[in-house]
Amino acid sequence: MSTEKECQPSDCEGCASAGNCGQEQQMKGPEKLVTGPSTEIKHAIAIVSGKGGVGKSMVTALMAKRMKTLGKKVGIMDADITGPSIPKMYGIHKKAMANEEGMIPEVTSDGTKIMSINLLLENQEDPVIWRSPIITGVVQQFYKDVVWGDLDYLFIDMPPGTGDVPLTVFQTVPIDGIIIVTSPQDLVRSVVEKSINMAEVMNVPVLGLVENYSYLKCPDCGKEIAVFGESKIEELAKKHKIPILAKVPIDANIAELVEEERFAEVSVPYLDGVEKLI
Ligand SMILES: Nc1ncnc2c1ncn2[C@@H]1O[C@H](COP(=O)(O)OP(=O)(O)OP(=O)(O)O)[C@@H](O)[C@H]1O
């Protein structure tokens, strides 16, 4: 029987949540997902951005890299189902296998476990033309039906924005919190607040902000050039009382390694010390 039929307008009289109970239920949402018996994930952290193209996948991979450098066991779950980019960054083009317990993640040359829709498609160029319930179902399967094994950190590369996938992950995946990637452009900064507000409404901790494309270092004189304008991340961090985890410059060497699908070889100091902040 539907709740609408059960509820009478008079039931709301005198209730502090009058008119909002449906919304509250939606925000509280379903039970958290549980992984299989061979998986134990100590920390799950989602990487989000207000809009596309700010370098969210890059920051996800840099976070994973930093933790690998510290000897941690790390996985990346590519929850960007319609625009997956993690496997290509590492040059992984194999199809994922499965056993009786679930899907087996691929392992990159630096030992990072990854799962992405691109590891399951017949052709990696095939578009994913699925409705939201299918997409969110796949994301949930990537958490609970992948045999991740023991992980210190699972980083979740989310699709941009505040749509169905973030809603599902925030409600059903037991994440420690989110890291928000932004860039100095004003437009990006203003949509970032939507992600911050969504996290607040859903009681998801915001662990910190990362500013990508922060500056470009002149190869001759070492001067830092603010290509996309002066950073305003301090303002944003102060306003919302969120720590700044890192400022990542435009780095032609990383861009080249990504183009060559050799992200595993990246070694940069931009996220040094980030582990103490999250
Ligand atoms: N700091 C950087 N220096 C140089 N190149 C970068 C940097 N950050 C990202 N890039 C490059 O910019 C492109 C877009 O980055 P990325 O795929 O991480 O963005 P995204 O925010 O995940 O995109 P989308 O939201 O559309 O999935 C990639 O080719 C990546 O290699």
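Yeah, the Cβs are placed from backbone N, Cα and C, and that goes for glycine too.
The number of other Cβ atoms within 10 Å of the Cβ belonging to Lys56 (ATP binding site), over all protein chains shown, comes to 26. What TrEMBL lists as ATP binding site is Gly50, Lys51, Gly52, Gly53, Val54, Gly55, Lys56, Ser57.
Positions annotated as region 'Disordered' by TrEMBL: 1-32.
Among the binding-site residues Gly50, Val54, Gly55, the residues whose Cβ lies under 6 Å from any atom of ligand 1 are, in sequence order, Val54, Gly55. Under the three-state DSSP scheme, Ser57 (ATP binding site) falls in the helix class. Each of the binding-site residues Gly50, Gly52 was scored by the number of other CB atoms within 10 Å of its CB, and the largest score is that of Gly50. Excluding Gly50, Lys51, Gly52, Gly53, Val54, Gly55, Lys56, Ser57, which define the ATP site, the same chain contributes Ser49, Pro160, Val181, Ser183, Val188, Asn212 within 8 Å (Cβ to the Cβ centroid), listed in sequence order.
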